[in-house]
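What follows is a single structure, written as structure tokens, with notes after it.
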Amino acid sequence: MNSSVLLHLIVMLVQLWPCSLSTQNSSTQNTVQSFTAVRRVKRGWLWEPLFATEEQVSPHPVYIGQLKSDLDKQDGNLKYILTGEGAGSFFVIDEYNGKIYVTKKLDREKKPFYTLRAQAINRSTQLPVEPQSEFIIKVRDINDNEPQFLDGPYVATVPEMSPEGTSVTQVTATDADDPSYGNSARLLYSLIQGQPYFSVEPKTGVIRMASQMDRETEDQYLVIIQAKDMVGKPGALSATATVTINLSDVNDNPPKFQQRLYYMSVSEEAPVGTTVGKVFAEDSDIGDNAAMDYFIEADSSDVFYIITNNETQEGIILLKKRVDYESKRRYSIHVKAVNRYIDERFLKEGPFEDTTIVKINVEDADEPPVFTLENYMMEIFEGAMSGALVGVVTARDPDDDGSPVRYSIVHSMHLKRLFSINEHNGAIITTEPLDREIASWHNLTVTATETRNPEKISEANVYVQVLDVNDNAPEFPKNYETFVCENAVSGQQIQSISAVDKDDSAEGHHFYFSLAQEDANSSHFTVKDNQDNTAGIFTGKSGFRRQEQFFFYLPILIQDNGTPPLTSTNTLTVTVCDCDTEVNTFYCRYGAFMYSLGLSTEALVAVLACILIFLVFFLAIVTIRQQQQQQKKPPFSEKIEEFRENIVSYDDEGGGEEDTEAFDISALRTRTVMRTHKPRKKVASEIQSFYRQSLQVGPDSAIFRQFISEKLEEANTDPSVPPYDSLQTYAFEGTGSLAGSLSSLGSNTSDMDQSYDYLADWGPHFKQLAGMYSSHRTVGD
């Protein structure tokens, strides 16, 4: 053996089983799990790690290994020392022989290994005989943790009728034991509850369908899955999880009518749209898979139709046409229910529809009279005499053709009654002549009432058209303004005219224009018919004189093409203007207006001049009165009022000439109130007197208090002050000021006798004041 000191670690792999394993209670079993030995080399020494079994319970320390030095002579001269993680608490060492013991229970899941350091020293010299060496104690795992389902409880859904082997869901359990050592963390899944409908893969935990299931038979299943560690061997720990599996619906069931024959009835009085009855086909599916539509088959009469109530899935049969007991008393229809959404995978099971028969009986009722027509069209010429026949309406009682019917017209309270009806035969006549130009159509509502049952009433509409007759002569469409110049030549057109007719012509209107017989021989103007319902007015001579005749009135005859033709005379006024060839319309209208007033242009100018002079005179009087009112106002009244208010409210000594907004006297001014001034004392002399006295006394002096009391009494009794509270401040400067008072009330000398050079030392606020009163100021200042 060479001289180097060697420290040998005697590795003793001791597996201590605290108690025998019990297979009856897996939760209390202790299983030893060893770690793979890890070799490492340090300073040329070879170490193998120590192992300690976790969860080991013993009343005495458990031996796990020994440290030994070649220099140890077994004479107790060497001392072994253990330091590091858990030294002294979990692990202890026998300082005489180097044996290591475990004193407390270890838990691998909390700490899987411990790093410690060992050293051997001489007890006499306390010097190390072996260098300090580091080694590892690994905690050997046992199966002390049961599997856990962390994501439970599980809920899964799978469509019904899914084929065998369809994946439903996957469950996963975890185990806190060491998966790298032994089988403590190797899990095996099994099905405890859920056969024969489901199965589970042992290694993956995937749940699959074991057979086809019908949701209509059972829509929910409770499956229990167990996970065991130790690959399911005896002594393994286990856990269970519950999986709720719901079957979702598919459309695998057709609709079925519970009744193969329905009986319904409807009254012949029922209006269109009346609900006759309801049918219902059951479908074991739910949601959209149970949605269906209803149809009517083989109904040649087309009297009924059916709709689907999407909420209740009922078929509602409605009346499409009115039924008549006397015409047909019974109907038979076939109603079919068809699934709205069909799954093609189940078409082989049969058609997803069903059919039933509905028999409908018509009930007799006392019906109101029935008109032969719903709407009557009648015509009558305008101007027909009162009592003229317009037309006849007819109604009958459908229950008894011999039952009498009474007719009437529904009159509006606000309209004139132009028609009446014979209540026995339904003949409609006029009550006064009709005018097509006022109303060309009249809408009437005629009622028919059963004589035996007045509550049975029906109505019909009667439309009366008033036919046109030629009873209106043509006329000018507007009032023409026609002008002619004094220098107009013969044959010059001065106006184009047309005509309108209120009557209606089937062939179209055609008008004829000419001069009336009494003016036909006049040589001033002529009328030329253009044969297109217009005519031209032409001059019949050259030259017109306003002084001789200002207006010409032409009687124009207009004839229509009606039968018989009607003619009217319309007067066209021609105004003579002072012009050559082109007419100035405004000037001609002005001249015509003056001529109608009987005034000349000179007279009109004179009238306007008089009006202008009157306005100037009125404005002059108003201006003079305003000046007189201003002169009556006392001069400087506003300035005096402002000065008085300034003296009362001023309470600011600082700021100098730049402080221009120390106070606002606008709130104390009331120009809207008429003040009655009374004589006041001379404020300047009074303040000067009290000021001089205040230089000798303080603010608490009786003289100063008297001054304040008098000013307060004067303000309270003065009727001219504002009718609200005000604050009046009187400041006491005191005596002994180095600068003295700036007030001029106590000054007996003029500005020329005093020196104000010291104002330049008072700062920028008094710069302007110093410039005004300094000794070197100019005369112009």
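Keep in mind that glycine also has a Cβ here, set from the backbone N, Cα and C atoms.
Taken from TrEMBL, the feature domain 'Cadherin' covers 69-149, 150-257, 258-371, 372-476, 476-586. Annotation source TrEMBL lists signal peptide at 1-22. Feature annotation from TrEMBL assigns transmembrane segment to 603-624.
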The domain 'Cadherin' (476-586) resolves under DSSP into 5 helix, 46 strand, 60 coil
Residue counts (helix, strand, coil, in that order) that DSSP gives for the domain 'Cadherin' (69-149):
0 helix, 40 strand, 41 coil
As a quick check of your reading of DSSP, tell me how many residues in the domain 'Cadherin' (150-257) are helical, how many are strand and how many are coil.
3 helix, 46 strand, 59 coil
Reported mean pLDDT - the domain 'Cadherin' (372-476)
90
